[in-house]
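S.K.: Can you read through this structure? Questions will come right after.
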Amino acid sequence: MARVWQQPFLNVFRHFKVDEWKRSTKEGDVAAVTDKTLKCTVYRVRGSVSASNYIQLPKTSTQSLGLNGRYLYVLFRPLPAKHFVIHLDVSTEDSQVIRVSFSNLFKEFKSTATWLQFPFICEAGTPREGVAFPGARWTCLQLDLHDILLVYLHRCYSHLKGVRLCASMLVRSLYTSDLSFDPAITVAEARRAKLPVTPIPREMAFPVPKGESWHDRYVHIRFPSGSSHAPSELVQKSGFPPEAAGHVPRLLPSPAACSKPARDPRTLVVQKHDPTASRWAPAMPRPLPEVRVSCERSEVSSVAGPGDCSQEPSAWVETTDEHAASDGLHVFAHQATEPMAPEDAAPNEPPGRKQNLPEAALGKKRFQEGSFLPDPILRLKGVIGFGGHSTKWALWTPDGAAVVYPCHAIIVVLHVETREQRLFLGHTEKVSALALDGSGSLLASAQAWPHSMLRLWDFQTGSCLALFRSPVHTICSLRFSNSGELLFGVGKDRHGRTTVLVWGMAQLGRGGEAIILAKAHSDADVQAFQVAFFDEARMASCGRGSVRLWRLRGGVLRSCAVDLGEHHALEFTDLAFGPAQDGHTLYVCSRSGHILEIDHQRMAVRHARRLLPLQNPCDPLAQKQTFSLSPGIAISSLSVSQSACAVGSEDGYLRLWPLDFSSVLLEAEHEGPVTSVRVSPGGLRVLSTTSSGHLGFLDVPSQVYSVLVRSHTAPVLALATERSRGQLATVSQDHTVRVWGLATLQQLYDFASPEEAPCAVAFHPTQPTFFCGFSSGAVRSFSLEAAEVLVEHRCHRGAITGLATSPDGRFLFSTCSRGTLAQYHSGAPRCRVLRVAANVVCQEACPSSSVLVVSGDSRLLAFVGPCKYTVSVVDAASLDELLRVDISTLDLAGSCLDSPVALCFGPSPPGHLLVSTSSNTIAVLDARSGCVVRELSCGRPAACASLALSADGRFLLTAAERALRLWDYAVQAGPSCQVCATPPPQVYIGHSEPVRAVAFTPDQQQLLSVGDAIFLWDILVPREGRSPESVQGAPGAPLTCEAGPDSEQLEGMASGARGPLQQLSMSPPALLPRPGLCAGPPEGFDGALFLSDESRGPEDPHQASGLSVMVQKEAGRAGEGACRVTGSPRDLGRRPHPCGWPSACSTGGARARPPAHPNSYRHFTARYKASSPAQGLSLPPAGDERLRLKAVVGYNGNGRANLVWRPDTGFFAYTCGCLVVVEDLHSGAQQHWLGHPEEISTLALSHDAQVLASASGRSGAASCCQIRLWDIPRGSCRQLLCHHDTTVQALAFSPDDRLLVTLGGYGDDTLALWSMATCELVSSTRLPEPVHGVAFNPWDAGKLTCVGRGVLTLQLLWGRAGDISLQAHREPVPEEAGVWELSSLCYGATPLLYCGSSEGQVCVWDMRADCCFLAWEADDGEIGVLLCSGTWLVSGSNTRRLRLWDVGAVPELRRQGSGARSSSVFLERELTLDGAVVSAVFHDSMDMGVVGTTAGTLWYISWAEGTSTRLISGHRSKVNEVAFSPDESHCATCSDDGSVRVWCVASTELLIQFQVLNQSCLCLAWSPLSCRRPEEQYVAAGYSDGALRIFSIPRTAVELKMYPHVAAITALAFSADGQTIVSGDKDGLVAVSHPCTGMTFRVLSDHRGAPICTLQSTRKECGDFGAEGTDLWLAASGDQRVSVWASDWLRDHCELVDWLSFPAPGLKGVSVLAAPWAQCPGCPPCTVPPQASGCLPPSLAAFCPWDPALLVCTGLGVHPEVVFYSLRQKQVVEKIPLPFFAVSMSLSPGAHLVAIGFSERMVRLLDRSSGAVQDFAGHDDSVQLCRFAPSAKLLFTAAYSEILVWEVTGC
């Protein structure tokens, strides 16, 4: 209700009583005068200095206006020949205060994280540029504060905090409102002419004499212009495709010559020009073509005039001055790409991202074409570094579990045990001070830049609560009081005096700001400052020659010096108050080694001690003297606990003393001087920092010192990455070379070179060595294994400027500052010099990793030289020159010669060479011919110093100054453009110094940037993913189709006229078949073509009138295609076919239009499956089944509304694959209803809870989808219905349960009605447009409602023969509500209908009046679920948010009609889940419910407690392995989603989950009981990047991570004793490793060339099979080979026992599932000839548990069969034929049972003893996994992400 009193508008001057000057203030020459034009009193503000003459509201800057109106109207007039300034202080939703300024004093647009400056320039006919012209008129300046923050800073507007109007101007008043008024139209004129505008209120109107025009006398400026039309379109939302973008206004160019360049800055311009000129003048950075204006809402397109003069539209501001042509009023804003602080990004964006301003200003569609997905695409994951401004700031959190420290401009919270980082982003300069309050809820930080900028953070959430500037220069110290109510800061003012400030925090949590309570100046030096824990009004400080005690009383801060006596000349460095039991002691240390104990009540020195060095190194620690006249040890810091005092000194020691300083308790030596020490809150750990960049802690009980952080102490110059070990090498100006682990961000090696500085570094691609070049010209090779220098070369005389290795490892190249190029042979362990070429490299090149580069095929070498303007390309082997490109000739129009700065080769083909030039462009050259392929403009301010291109050529990373730019390099130039159409880059900042080098990590999942520190960024899009837009530039003719007249009419019913041709694109793109790879549809492809809808015209004008259409079905003639339509010639209905499938309509030979996938996640899309159900199963007789389905693990998050729950009866059901799972929520017992052949899409429950309807997609043999009606009491299928073609999107029962409505998915668009009494189809209608939801009217069973592009109401008309006709009425979405589509609906109180939209709005419809009267922003994404009961509304969206709204006031707002405001709708609760919300059901009271998400999770929601509890959970992706604990109490599963999950076997409840991002977990093994101690249990998991992780189950932690393989690990096995792990990869290598040490001690390459499919190990009896060893293990590879080995790993013995080779299957097609590591990128499994690589059936083998001498194999040989091989007889003893090739197999440890899974979606149980065979169905995809439990009582099978648990009977 806070907004109600400000509606519909508010007179700010009147409300705050400006004339009384009590709630406002004036300064200088401010007077009230009478204006002759307005004939009223106005305020005149004049004076030569604007800052000294102003009106300010409110009175002080600590107060707030609290005005939340979207628009601010300033009614003012600039004084002639004078300057004026308008300052607005605007608060954002995250309590950030932004200053927005408008002035004709500004020359250009400027932007910082907290200040926007817009120029207001009057150009022509004025004495001076920018000064108001003599004829300046009264102006209504309308500012859209919401869009100004959204467009220019990507922040959300909250309220207007303050206004300052500075000289010189006349101002009438200020107004705020949520309405966009037209000041030229009065209320009377609008009513008389019935104009569709909001007229200006009488109070705000300017007087207009009779006979004159408003525009002749006044000016109206609206800024930004597009805000009032489509505010939701201004900023791109990440994660949405381009089709989600709104309509963008465009200007149509005419063929004319380019005009002169426009102004560069983003400027508000008032310009006089020719009367015939256009009233629109967008500013451009390049010359503009003339434009013509066809209407006020024209469209702007990117155009290129003659001479390749192109323009890119910028943000502009609309003027309603009709005489702009004569008076020349133009308001526009120029585009620019400027970075901002990471913290100043939108709250739902990952930090570090700044959106390009033109992208934000012009809307989403234009800039999303071919742009990134998602946006932002980078997220800062971690940093390596410490300090920056100083190295003394490191704090403990109150719980002692983490430390807080600065890393230049980043604040890091490091968890001590897990080493996980949490980053606080927002500072733009180095952090100079930190403080954390006692409760750990508030963090304060200051950055080092005059004047210091302070930030206050919510420490728990990481959000910035306040940002303000301190009145002093760099803050050197910050301290909180113990309660957190006061913040103390120490710094120096501009006169160099020490200043102490006190801020109050009381108002911070209530939307206020930090208030300065007191400020004091002191001539004494302050090096340290502390607040007393016993009295927050008392403080102490120390410095050079002084110790002072401070006290805050009555808002005054006073201090008094302590009498130091003989110690008055000491330089004190730190101080600390004594423990609570000794509350009067203050400990102070000095640089001379003194420690003083001061009684702060008596203000006198009680004791003085001195720390001295040992006279004899052999003396014990206890004999250290504390008094002497000799020089002491400089103490830099101390910290006091309850019983000890920690002291850090410059000799590098941390010493722990008792409080009486009698002897040293502990000491730890560091590599550099200790700069600070901090005792943890519990007193058991001591944190220390050093000037050498080290951060660590001493654990007092264990007496162990641990290093947390190591860092460079100077800027990092270059970097290099290594793939096999995941390592990073950096060189720095601190004369060190360091090697880091990319996974842990911890330092592994450190090489120091005090005499010469390292300049460049490079790893050898295959050997464990790296190369480093030095300033002396030396090039050294270092061994990582021996940690020593292998060889040194000195063939250079100057400093090394470049170093590069060829990807094949053959050559090393180096360049120096004297112009020499050297080539080395690096293939040998000790590389040697091959060639040295003098004067071929530019001698002016700076050291960089980008001035010397080698192509990806190791054939070409490029460098800058021989002069600074040329780039040379030479043969990498012979150094013969192949190409020389003169970069200075690329830009002939430039004022200076262009020169190359950095180089980078692209992937081959196409073989591009990228050159960054000094003119801030990137030229893409053909590496063979040197021709310019394309150019990228980097913009200001500096050239790219480093650039890198991803291995697939998708992403281009550039670095200029402190900013990173990431480009979508794969997007090609559009066919209609003459210049590059590459979308603007995404800009990221965070570095406080220039970025020196950038690189992608070897796995291409992350990228690195180095400068002041080392930053590791995550790429948030999978590397195999490509945006659909990138395919449009691919070669090949566009796929087009034509529609016949009938189809055009059908489409016109929905969207009006269309063009004759439509371009079709595949999304995601289909890959072309290549030899040896699977050729098939891409992953997730459903077989439909998506229609490009970019040429869609305006909506049919007939729609707006609510077209009424009658559709009738004639009884007894259902099979005919004719239908009678009244009200429109367009065909709305479709007759039901006699057999149940839809009839086809002939269009006279026209080709059918492929269906377009609606832009809504509400539509169900079946997951692509290459498999098909088997025919002719050997089903067991009833009662004789050996398998009984016991439990289903998982929930199908791909379904929609596939969850039902009836709280009163307790019925709870959901779907998993093709199964309906009915579960008792109390006991967990499950029933499973089988029958559907395909994945179930949706469910519906009748109102009497007696019937459940379920729908699935069409299978391969069937022609229609299946709809099953289940009898709930009996648990059986009551009826099977078939009608829809593709999918069923929604089901709904009528209120009386007499009818069932079924809605077809896209491509079907059929709505069908079924009689529940006869289960017959009574009506079928083809809808004219995509519909996203359907529901029956609860108050009228004869009406149902659909939502899509509007609300479609269907009235059911019953015929005499029992048939039903439909009368349709459509109401479009109101224009003022936006152009979005409705995606969900639910009914509320009579007669309200709530609808959710694709853009996050909720609109409320009055179904009696058929109108929308209320709408509000409910989310940032599409709302897919809406539920309403009573006064509560629940909304769920694809942003993972679930929100509870109080809509109790909505029925009352209905009476207000379209004038209703949403301020009475309140957000009560919000929960963030793990995926998009797809299903939800709640109790009638709405206090509890169950919600399903796309992550495959069902959540129990309690709004009363505000909690979400996981009910059902499953994997998101394909399950690859199941492993059991030895006692069978738990099992573990792994999946392509990178997770390892541990389940309770008895309850199938998820207990533990380990998640690894951006990797797939392909195999799993559980350690046996003999491993280490019995209570210790470990799970080993192999990943697609070659990593092997060992997880400790009791500690739920990662125990060990190692890289035994370079390729993906496909199989794992523990040895029988658990002391060894055998792992196999997709390249056929088998590695043997120790799980304790992580060391790989043996690698077997016998299976090289084929992936390892199976590994198994078992205990071996002595003498078995004629081989020695304790273990017997086997390996099966994909080339039909099996090897059996005997090993004793403790003795390092391994012996081959047997080797089996089988022929490959014949040429007959084999339908199998390719393993995830063998599939084509982006391709699903498919049916292809078996010779195609990766598509052969997997080779499966296992030791027979009931006969150790038998080996059981399948997938081997030319026929599908199970082979029993005797290891003793060395021959096959039995073969059992199979109907298909197996893809999984498991042998029962008990009975002689073999379980086999097939791609045909069935499981076969084979009893070897009796020969009986039983087949079981239940999966909807290939059964890729079968595993018996150790007890043989359970069988686990998996198909994709679903896991079925079968109970084995008869064991």
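A Cβ is built for glycine as well, from the same backbone N, Cα and C atoms used for every other residue.
Annotation comment: TrEMBL describes 3-182 as domain 'CFA20'. Positions annotated as domain 'WDR90/POC16 second beta-propeller' by TrEMBL: 721-1018. The domain 'WDR90 4th beta-propeller' annotation in TrEMBL covers 1518-1716, 1727-1850. Per TrEMBL, region 'Disordered' is recorded for 1026-1047. Feature annotation from TrEMBL assigns repeat 'WD' to 709-750, 1281-1324, 1512-1553, 1602-1632.
What's the neighbourhood like for each of these?
M.R.: According to DSSP, the secondary structure content of the domain 'WDR90 4th beta-propeller' (1727-1850) in residues is 0 helix, 64 strand, 60 coil.
In terms of DSSP secondary structure, the repeat 'WD' (709-750) contains 0 helix, 24 strand, 18 coil.
Here the repeat 'WD' (1281-1324) has a mean pLDDT of 90 out of 100.
Assigned with DSSP, the residues of the repeat 'WD' (1512-1553) fall into helix, strand and coil as follows: 0 helix, 25 strand, 17 coil.
With DSSP states grouped into helix (H, G, I), strand (E, B) and coil, the repeat 'WD' (1602-1632) comes out at 0 helix, 15 strand, 16 coil.
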S.K.: Looking at 1281-1324, 1512-1553, 1602-1632, which one has the highest count of Cβ pairs under 8 angstroms to the repeat 'WD' (709-750)?
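M.R.: Of the candidates 1281-1324, 1512-1553, 1602-1632, 1602-1632 scores highest.
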S.K.: Which residues, given as numbers and ranges, are at least 6 beyond the ends of the repeat 'WD' (1512-1553) yet have a Cβ under 8 Å from it?
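M.R.: Those are 1191, 1193-1195, 1197, 1214, 1216, 1223, 1228, 1495-1498, 1559-1566, 1568-1569, 1577, 1579, 1581, 1583, 1591, 1593, 1596, 1716, 1824-1825, 1827, 1829-1831, 1834, 1836, 1838, 1840-1843, 1845, in sequence order.
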S.K.: What are the helix, strand and coil residue counts for the repeat 'WD' (1281-1324) according to DSSP?
M.R.: 0 helix, 24 strand, 20 coil
